[in-house]
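Chemist: Okay, so TrEMBL annotates it like this:
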type	residues	note
COMPBIAS	213-234	compositional bias 'Polar residues'
DOMAIN	1-443	domain 'Major facilitator superfamily (MFS) profile'
REGION	211-234	region 'Disordered'
TRANSMEM	54-71	transmembrane segment
TRANSMEM	78-99	transmembrane segment
TRANSMEM	105-134	transmembrane segment
TRANSMEM	146-165	transmembrane segment
TRANSMEM	171-192	transmembrane segment
TRANSMEM	258-276	transmembrane segment
TRANSMEM	296-313	transmembrane segment
TRANSMEM	320-340	transmembrane segment
TRANSMEM	346-365	transmembrane segment
TRANSMEM	385-407	transmembrane segment
TRANSMEM	419-439	transmembrane segment
Amino acid sequence: MQVVLKAELLTKLIFRTHNMSVEWDSRFHLDIFGVLLFCPDQDNYKTLFGAVDNSFLVAYAIGMFFSGIFGERVPLRYYLTIGMLLSGLFTCLLGLGFYLNIHSIWYYAFFQAMNGLVQTTGWPAVVACVGNWFGKGKRGFIMGVWNSHTSVGNILGSLIAGVFVSSDWGMSFIVPGIIIASTGVLCFFFLVESESDLLARILKEDNEKEPLLQNSSSNEEIFSSPGQSNSISSEPAEEHTKAISFCGALRIPGVMEFSLCLLFAKLVSYTFLYWLPLYIANVAHFDPKEAGDMSTLFDVGGIVGGIVAGLVSDQTGGRASTCCVMLILAAPMVSVHSHIRHHWLLTMWMLLVCGALVNGPYALITTAVSADLGTHESLRGNSRALSTVTAIIDGTGSIGAALGPLLAGLISPTGWNNVFFMLITADILACLLLSRLVYKEVRGWCGHSPRHRG
């Protein structure tokens, strides 16, 4: 499972590195980067940076809906490895633009879009792998701890970009590209997708060590009774049940509600991710380096929020209710945060709290909820729905991830208060979309109907 954790951590690391490398200039006023990358278009380099960023986010959002379908039909080990190798390649090609003196917007936008497409192999594959290993009992807590790698990757990506971006920004892409490609090779050799995959490997190794057992019926009887002789041969047939269709996954109860809820939750989270350092530096009047370092507290809070959300939802059995409560609390916290500007201690505290309340529901929906719905009782034991369900939920959320920073850029000239009003509205809409599921869970707690997660 450490290999799976590293794979998605480094995928997130590269995403954060893209974010920092592409947006560092607009946040920290390093005009030399704009001149070097898009010369002679210095005057509109911020617009060009936005186009490059959006090419990644839009491609990621579109590709995610198709990624899960392929993930159900291809061995996850191969699927994840190919995605990581291609991601490493495209990331290195972005960095090579620095050394090849390439200033074309189309070059960077194209490889950003390709990177967005291939990185969609990551999330559905790793959630399916982890979901295969853990049951529903403690899935929320386990996946909450596991999901902390996304925030850790955000922090590490910021640090890597910070080392190279002012002097040799090409290395901000090449170094993570080499790392994730190398980890893809490790993933190919060591990733075990599920318990049945592990059993198949053990049986294969045993057969290779004792080839005579394959052709000797007398030796087979030593290891299995007549009634058990067909059990092993029937297992592969069970594993190859028909993968669920896209429309079939949409009909699973709860998929639509959680998908649309994640759209607004991710809109809020990614708006913070992209615009928080700029807000801290320009409005709270912190030093640019201090603003960048302080913005990582939002990710630290996200780690705590994801773990708490998973633990509470395990204990109560209410995934939707846990998300709804955290989103309700997040709305006033976001409002309070908009009024705390100059006191650094209060700013740090509010960043931690907002990070926990905003990223907690986001983490819970993309991990435990996706795994629960991918193994929903309506599937009647069909295990080949995890990747598709995860892709639908995260793909819908990625639409919000693309819209949030874009809307913030359009609204911010009218005042930062309007940006925070947009975020609060998105939180409220996310809560309303879960109201039916929350009502169902509350009735279950009151004994009116059976309670089912998701």
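Backbone N, Cα and C define each Cβ position, glycine as well.
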Chemist: Sequence gap of 6 or more, Cβ distance under 8 Å, 3 or more pairs: do the transmembrane segment (258-276) and the transmembrane segment (419-439) meet that?
Modeler: yes
Chemist: By Cβ distance under 8 Å, which residues at least 6 away from the ends of the transmembrane segment (419-439) in the same chain are close to it?
Modeler: 254, 257-258, 260-265, 267-268, 271-272, 275, 318-321, 323-324, 327-328, 330-331, 334-335, 337-338, 361, 400, 404, 407-408, 411-412, 454
Chemist: Which listed range (105-134, 146-165, 346-365, 385-407) shows the maximal number of Cβ pairs under 8 Å with respect to the transmembrane segment (296-313)?
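Modeler: Highest pair count goes to 346-365.
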Chemist: Taking contact to mean three or more C-beta pairs under 8 angstroms, with sequence separation of 6 or more, is the transmembrane segment (385-407) in contact with the transmembrane segment (171-192)?
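Modeler: No; fewer than 3 Cβ pairs under 8 Å.
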